[in-house]
Amino acid sequence: MGNSSSLMLRDEEIEEIMNETEFNRNQIVRLYSRFLSLDKKGQGYLSRDDFLNVPELAVNPLGDRIVDAFFTLASSNGDNEEQQLNFRQFVRILAHFQPISRVKKNALNSRKDKLLFAFKMYDLNKNDYITREEFKVILNSMVGANITSDQLDKIADRTIEEADADRDGKISFEEFCRAMEKTDIEEKMSIRFLN
Amino acid sequence: MSSRLFVFILICYATADKIEESDSDGYKLFTWKWEEVDQVYLITVWLLIAALAKILFNLMKPISKWLPDSSLLIIIGLALGWVLHQTTLIGTSLDSHTFFLYLLPPIIFDAGYFMPNRALFENLDSILVFSVFGTLWNTFAIGGSLLLMSHYDLFTMSFTTFEIFIFSSLISAVDPVAVIAIFEEIHVNEFLFINVFGEALFNDGVTVVLYQMFKSFALIGSENLSTLDYVKGGLSFFIVALGGAVIGVVFAVAVSLTTKYTYDVRILAPVFIFVLPYMAYLTAEMLSLSSIIGIAVCGMLMKQYIKGNITPAAANSVKYFIKMLAQSSETVIFMFLGLSTITSQHHFDLNFIIATLFFCLLYRAIGIIVQCFILNRFRAKKFEVVDQFVLSYGGLRGAIAYGLVVSIPASITAKPMFVTATIAVIYFTVFLQGITVRPLVNWLKVKKREERDATMVESVYNKYLDYMMSGVEDIAGKKGPYTLIENFERFNAKRIKPILMRHQKKESFDASKIIRAYEKITLEDAIRLASIKTTIQSGRLESTVAVHSSSNQKTVTPRHLQLEKFMNSGENIDSLYSLFSDLLDRKLLEMNTKSPASEVKGGGEDIQDDYMTEVKSRSNLAAMFRSAEQLDSDPAYNRQRRQSAGDLDAKKKNDFLRV
C-alpha cells in the first residue's frame, strides 16, 4: 500500500472505514483533519518526520518506538517496512485504541490487537521475539538516567525471567500475553475519541 | 496465709481512710485519687473494652461471618449503655465536640494516606459528580419530599423549611467511616471502592456547606434573608471545598520539607508526620473550611515525598501507627453510637422515620442511575448495572450524620425527632445494608479485588504503557488523561521532588517506583528462601512444599521452580540444602551490593534494641553518610574499620565510592 495521495476524503472511503473500524462519521472527519494538520507538506501521506514533529512526542521517551510501531503495523506483508502512512492506515492503527464494545465484534480493537501493538513496540528487529537486549534498550530509554547499569541489568533479567515460560531467553507474543493476563489492558489501552 | 493477707489489706485500708480523714501531717501510705484520673481512666477503659470486643468478634467465627464488625460494636455499645442507664452511672455520650476533634481526624487521615492516588485521578470525574451533584440532589429531593409530606400533617412535630433542609443535608451524606468499615470486609474491586469511597470523602465539602448554610438561615429567619445571602451561600461551596484542599496542600508541603531535614534527628520525623496533618485539620476547622478534605488531601499528597525522606523501617512504623489510630477511633465511634442511643433525647415518630428511610434509598438510586447514564457517555470505563447497584447500595450513613444532628441548636423544636430519625437511618444502613451487602456482592458476582503481589513485569509494563498511551494520544491530537498524568509526573520529578525530598537529582523521568518494586520483590524472595531453608532444617519438608507450590507462581524465579521439581522428585536433602545456600547467598549479595546507602552494623534499623547498640550504630551510620571524600578522614569510621573484619566493610566502601 504505497501512497494513495487523496487529499479529499470521499464518502465511499468514509463508509469503508466505518465498516472496518468502529469509528462514526464525526470521529473519522475529526481524525482526517488531524491527519491533514500532521501532514505539513501536504503530500497526502505521513512520513516518520511528520510524526516526530509532534512536540510532545519528542519528549516522550518511547517516542520513536511508538512511531516505529505505527509503521510496522501499517505494512501489510510484514517484510516490507513502510515509510509512508496514508489515511486509511492511520485510522486503522488508531482503531486499535478504541474502547472495546460488547456490541460490535470488531477485529481491530480486540484485546489481542492491543497487545500486539504493545508487543511490536518492544520488538526492535521485528523477529517476533523480545530478547533481553531489546528489553534493556527499552528499559534504558524509560528510566536509564536514574539508575546504574547494574540495576538496569538486574531489573531486565528479573522481568524476562518472570515472563519467559519456555526458558528460551526471549519472550514470544504468547508469553507476553500471558504475562499481561491480569492487567486490565482493555481499559489501559483505550482512548476516548470524542464525537 | 490468705486470711493474714486479708487482714493486712483491711488494716491498710482502714489506716488510709483514717489518715485522710484526720487531715494530719502523717505520711499517707495509700490514697484514693480517683478525681485526678477519672476522665482519662474512663477513656482508656472504653478503648480497652472496645479493643477487647473486637478480639472477641474474631474469635466468634460463626457470628462475625455474617455480621459486620461495626454492627457488633454498636450492639455492645447498646448493651453497655443499657447497663449504665439501669444503674444510673454516668456514661458519657458521644458529644459532637469529641467526635469531630478527636475521633474523626485519624480515620480521615488514614483514608487519605492510603488512598490509591492513581485510581482516584482516573475516576476523579465520576467522584466529583457523585459528591457534588449527587449530594445536592439528595438534599433537595429528600428535604422537599419531607416538606411536602409535612404539609399534610403526617408528622407529629412541625418544622420550617430551613430546618428540614438542615436535616436532609446531614442525612444525605454518605459516610466514609461506615463505607470503610463495611467495604473493607467485602473486598470489592478497586474501581467500585474508589468511587464510593471517594464520593464519601469529598461530599463532606458539600454537606458541611449546606449544613452551615441552612443552620444560619434558620437562625436568621427567612424574613431577614436577601438574595445576596443565597448567593453567598452558593459561593461558599467553592470556598469551603477548595480552601480545605489548599490547606491540605500547604501542610503536605510543610511535612515534606521538615522531614527532608530531619535526617540527623530521625526519631522526630514521625512527630511531624502526625502532628502537621492534624494541624491541617484544626486549621481548616478554625477557618470554617472543610477540615475533612484538608486532612485527606494532606495525607494523599505527602505520602510519596516522605517515603523518600524517611527510612523504610520508619515508613513501616508510620503506616502501622496510622492504621492503629484509625482502627481504634472507628471502634470507639461505633461503640459510642450504640451508647448514645440510650442517652439521647428521643422523639419517636414512625411516619417520619419510614419516610426518611424510603426517600433516602429512593433518591439515591435515582441519582446514581441518572448520573451514571450521563457519565457513561464521556468515560472509557463505563458503569455497568451491577456497578450502579453496588454504588446505590453502598450509600451508607454513619457517625458523621449523628455528630451533625446533635450539634443542631436546641432552639429548633424538632431536634429530638431528627435525632431519632438519624439514629434509625444509621442503624438501618449499618445493620441491614451491612449484613446483606456481602451475600449480595457474591450473588451478583461482583468482581473482587485482586489479592496478589504485583509482579516485576507489571510494574515495568504499566510504566511503559503510560508512556505509550500518552504518545498515542498526542498523535491522535487528543489531550487525554495520560498526557496530563505524564506532564504532571515530569513536572513532579523535575521540580517538586528535588525540593521536597532528600538526595534527589533533577531528573526528567521518575524511576523510583520501578526500583522500589524490584527491591521489594527481591527482598520477599530472599525472605521466602530463608524461611524454606529453616523449615527444611527442622525437617518439615512436606508442608513447606505444599505451601510454596500453591502460592503464586508468577513472582517466582525459574530456579525456584527447578527447586520445587527437585523437591517433588524426592532427591536427597543435602544437595537440596547446598543449592539453597547458594541461592540465598546470591540473593543476599545482590541486595547488599546494590544500594549505595546500605547500612553497616545494626542492620539498618532506626531504633536498636537497647542503648548499647544504639550508640554503636549511630556512630557507624553518621560516618557512612558523610561524603565519600571525608570518609577516610573520619576517626570514628576508621576505628570501626580497623576493628571489624575488614573485608566486607572494604567492599561496601568501594561500592559506596563507585556509585
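Cβ coordinates come from backbone N, Cα and C, glycine included.
Annotated in TrEMBL:
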| type | residues | note |
| --- | --- | --- |
| SIGNAL | B:1-16 | signal peptide |
| TRANSMEM | B:40-60 | transmembrane segment |
| DOMAIN | B:48-443 | domain 'Cation/H+ exchanger transmembrane' |
| TRANSMEM | B:72-93 | transmembrane segment |
| TRANSMEM | B:99-115 | transmembrane segment |
| TRANSMEM | B:127-152 | transmembrane segment |
| TRANSMEM | B:164-183 | transmembrane segment |
| TRANSMEM | B:192-214 | transmembrane segment |
| TRANSMEM | B:234-256 | transmembrane segment |
| TRANSMEM | B:263-281 | transmembrane segment |
| TRANSMEM | B:287-306 | transmembrane segment |
| TRANSMEM | B:318-340 | transmembrane segment |
| TRANSMEM | B:390-412 | transmembrane segment |
| TRANSMEM | B:418-441 | transmembrane segment |
| COMPBIAS | B:648-659 | compositional bias 'Basic and acidic residues' |
The transmembrane segment (B:99-115) and the transmembrane segment (B:418-441) contact flag, 3+ Cβ pairs under 8 angstroms: no
Distal contacts, the transmembrane segment (B:287-306) - CB-CB under 8 A, six or more residues away: 100, 104-105, 108-115, 117, 120, 176, 201-202, 204-205, 208-209, 212, 239-241, 243-245, 247-249, 251-253, 255-256, 259, 269, 273, 276-278, 280-281, 315, 318, 496-497, 500-501
Selection from B:127-152, B:192-214, B:263-281, B:318-340, B:418-441, the stretch that has most Cβ pairs under 8 A to the transmembrane segment (B:40-60): B:318-340
Residue numbers, six or more beyond the limits of the transmembrane segment (B:263-281), whose CB comes under 8 Å of its CB atoms: 105, 108-109, 247-248, 250-252, 254-255, 291-292, 294-295, 298-299, 302, 306, 309-311, 314, 317-318, 321-322, 502, 606-607, 622, 625
Recorded stretch that, among B:127-152, B:318-340, B:390-412, B:418-441, has the most CB pairs under 8 Å to the transmembrane segment (B:164-183): B:390-412
